[in-house]
């Protein structure tokens, strides 16, 4: 799907400074001050328009959430949602996932969510997948020991390649489903893509993986 450019998006988000963090490097090691509490921080890498992260924030008010979305023209939809319905436990960043070490200290993030990431199906693009080993190393550097990644996708090949990459990295798998909606957990929060693919009859794959190093 072609991304529609919104030239006004960045200026709009900067006006919402209680939601959008324009320079998150200033908060490295100090996110508890930003949220004004010591609650755990969960991040979603590739938040899209924010259905998942805002849904999670409502369901778990005792957790702080940070939406990571590279594209300003997409992230602005999250900010707009929160202007209409404020959530004190969500912040939005427009940064590249490869730079997460610049914004979070080791152990400052309690969990990472990856939902319906770009599958980058061609072998020559494997390094761009958010479950490639270099990204796994980045997440490990901001998570605590035995930190977790929760991963959902509609793409079986991406799911299988992610299983292999995570296994080769030394991670263990605590929970897995090859058809999440066949027996959907009550606490599952769906993303925009999840709703769309489920309506088409496409199975949703999900796993929870833990670092063991």
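Backbone N, Cα and C atoms are what each Cβ position is placed from, and that goes for glycine too.
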* If Swiss-Prot gives 122, 191, 192, 193, 194 as binding substrate, which of 11, 23, 154 does it give for that site as well? -> 154
* Taking 15, 69, 72, 145 as the options, which does Swiss-Prot list with 44, 96, 118 at the S-adenosyl-L-methionine site? -> 69
* Let me know the most crowded of the binding-site residues, choosing from 96, 118, 192 and counting other Cβ atoms within 10 Å. => 192
* **Fewest other Cβ within 10 angstroms of its own Cβ, chosen from the binding-site residues 44, 69, 154, 194** => 154
* **Per-residue Cβ crowding (10 Å cut-off), top of binding-site residues 122, 191, 193** => 191
* Asked: Taking only the binding-site residues 44, 69, 96, 118, which one has a CA atom nearest to the CA atom of residue 191 (substrate binding site)?
  -> 44
